[in-house]
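This report concerns only the one structure given below.
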Amino acid sequence: MFSMVNGFRNYSQQAIQASRYIGQGFIVTLDHMNRLPMTIQYPYEKLVPSERFRGRIHFEFDKCIACEVCVRVCPINLPVVDWKFKKDIKKKQLKSYSIDFGVCIFCGNCVEYCPTNCLSMTEEYELSTYDRHELNYDQIALGRLPISIIEDRTIESISSFDFSSKKIMEEHSKSRTVTKFLD
């Protein structure tokens, strides 16, 4: 009889423990139901990158003095600077400048160390192509400013995105900027 009471007690303790586990699972499920989704439907919605996002490099031809600092600080010696020396003014004159974004690691060293600030990072991150040779940008392609997602009339901004918090993922789940194409 004593073993039957112990068996019933063990069974009831296991049933209570199982119901606790199920309750904890329901709490986690209900907690996740109130959160915003972490993913977006990419072609139709776009995230607005943060202010310090390192996207495609923008180049201003008129500001460049052909000092080649960008080539020296680049970990892969990527920027190709072609110049000729003008003897009458005793200065270098820039002939061409190009960067191959198929090889670029977007470290930002060239932008940071440029003495004339002729290089800057843009918000553009959509650089995919079917031909890798199209990723080799010359000074004309580098000089074009990208159309900002915020200024594009075919895309609608939904809410704000904040990368400045220490709890990036927590803030990401609470408030973010998502853009949506207008129908």
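Cβ atoms here come from the backbone N, Cα and C positions, even for glycine.
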Taking Swiss-Prot at its word that Cys104, Cys107, Cys110 bind [4Fe-4S] cluster 2, choose the one of Cys74, Cys118 listed for that site.
Cys74
How would DSSP class Cys74 ([4Fe-4S] cluster 2 binding site) in three states?
coil
Based on Cα distances to Cys70 ([4Fe-4S] cluster 1 binding site), point out the closest of the binding-site residues Cys104, Cys107, Cys110.
Cys110
Cβ neighbours within the same chain of Cys67 ([4Fe-4S] cluster 1 binding site) - under 8 Å, at least six residues apart:
Lys92, Pro115, Thr116
Starting from the Cβ centroid of Cys64, Cys67, Cys70, Cys114, the recorded [4Fe-4S] cluster 1 site, name every other residue in that chain with its Cβ within 8 Å, sequence order please.
Ile65, Ala66, Glu68, Val69, Val81, Cys110, Pro115, Thr116, Cys118, Leu119
Quick check for the class: what is the C-alpha distance, in angstrom and rounded, between Cys107 ([4Fe-4S] cluster 2 binding site) and Cys114 ([4Fe-4S] cluster 1 binding site)?
14
Sparsest-packed of the listed binding-site residues (Cys64, Cys107) - C-beta count within 10 angstroms:
Cys107
